[in-house]
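Trainee: Copying in the features that TrEMBL gives for the protein in this structure:
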type: SIGNAL; residues: 1-18; note: signal peptide
type: ACT_SITE; residues: Thr217; note: active site, nucleophile
type: BINDING; residues: Arg245, Val246, Gly247, Asp248, Thr268, Gly269, Asp270, Gly271; note: substrate binding site
Amino acid sequence: MAVVLPLVIILLLSKATGHEVENSSKFPLVVSTWPFLEAVRAGWRAIDGGLSSIDAAVEGCSACELLRCDGTVGPGGSPDENSESTIDALIMNGATMEVGAVAAMRYVKDGIKAARLVMLYTEHTMLAGDQASTFAISMGLPGPSNLSSTESMEKWTKWRENQCQPNFRKNVLPTNTCGPYHLKTGLNVASKTCLVDDFCESIIMKSSHVDFHNHDTISMAIFDKSGHIAVGTSTNGASFKIPGRVGDGPIAGSSAYADDEVGACGATGDGDIMMRFLPCYQVVESMRLGMKPRLAAKDAISRIAKKYPNFVGAVFAVDKNGTHAGACYGWTFQYSVRSPSMDDVEVFTVYP
């Protein structure tokens, strides 16, 4: 029986464009957000050399952390309001559905390795903040370390000189140009609501300071030679975030998701918005119900764009047969792939 989509969904799908490629070769397979070529090569060497998909995802994401990809992965990037860099990371096993994650982790540079330690040596899914740092160091990771860099401090200094703009505050006023902040007099925040057809200014402007250079994530999916899947993510979050902020990077189903029975997804973009929709969980569940990766990716992005028309973000989708696709909204997206049929990493471009 044919499925008739409402006109608004059809229009949004036409805007959140996708791209799909059949992968007729055998596994292994590595797919990652953005042209993080060295990270994908590291993941490929690990999986092609016989490591598990989990270990290979750790190798790939670790390479990106070491290289400080785009200044938004690993230490030394994305300072918060206090000039400090923190780490969010996740690892997920698509065979067992186990997840290990760290959020707002301070003083430890190895985000993805810390996430794997949470998976291997605790019955928890996520550890956060100073306690995550203490755990990671107690399990053998180096630290405590200063995660700031010359570049991140220069970036923070320029931001301060610009009166701490842009920032993520709303409905408040600073005592001085950069705080401390206090509530606007007479503002009834509780009564300020947004209807579907009447977006508040705070929502319309939400993604105005999100772009490639200040807000990015590596999200990597790796299929081993038997088709077992792992996904990993790592990011130092949004530049000038409010201290303590956790983005979508360590949230299973938002930044990444995997199920051996179906496939995998990785995401990047405005994590504060994306984590409200769990786009990667949506992608995998749509594929479980029979959607092709291209349509599943476009549908997940369109659900977000319908409510947040200034949203910026993207996903890639890979089914259990290795067919991969991408969809984006608000920017041009690229994702990277390495398979046995390729001589090296190939980059696929998806247009908004």
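Yeah, the Cβs are placed from backbone N, Cα and C, and that goes for glycine too.
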Trainee: CB neighbours of Gly269 (substrate binding site) within 10 A?
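Mentor: Summing over all protein chains shown, Gly269 (substrate binding site) has 28 other Cβ atoms within 10 Å.
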Trainee: Cα-Cα separation of Thr268 (substrate binding site) and the residue listed as 'active site, nucleophile', in Å?
Mentor: 6
Trainee: If I take the alpha carbons of Asp248 (substrate binding site) and the residue listed as 'active site, nucleophile', what is the distance between them in whole Å?
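Mentor: Rounded to a whole number, the Cα-Cα distance is 9 Å.
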Trainee: Report the member of Gly247, Gly271 (the binding-site residues) whose C-beta atom has the most other C-beta atoms within 10 angstroms.
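Mentor: For the binding-site residues Gly247, Gly271, the Cβ with the most other Cβ atoms within 10 Å is Gly271.
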Trainee: If I take the alpha carbons of Val246 (substrate binding site) and Thr217 (active site, nucleophile), what is the distance between them in whole Å?
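Mentor: Val246 (substrate binding site) and Thr217 (active site, nucleophile) have their Cα atoms 13 Å apart.
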Trainee: May I ask for the distance between Thr217 (active site, nucleophile) and Gly269 (substrate binding site), taken between their Cα atoms and rounded to an integer number of Å?
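Mentor: Answer for this pair: 8 Å between alpha carbons.
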Trainee: Determine the Cβ neighbour count for Thr268 (substrate binding site): the number of other Cβ atoms within 10 Å of its Cβ.
Mentor: 31
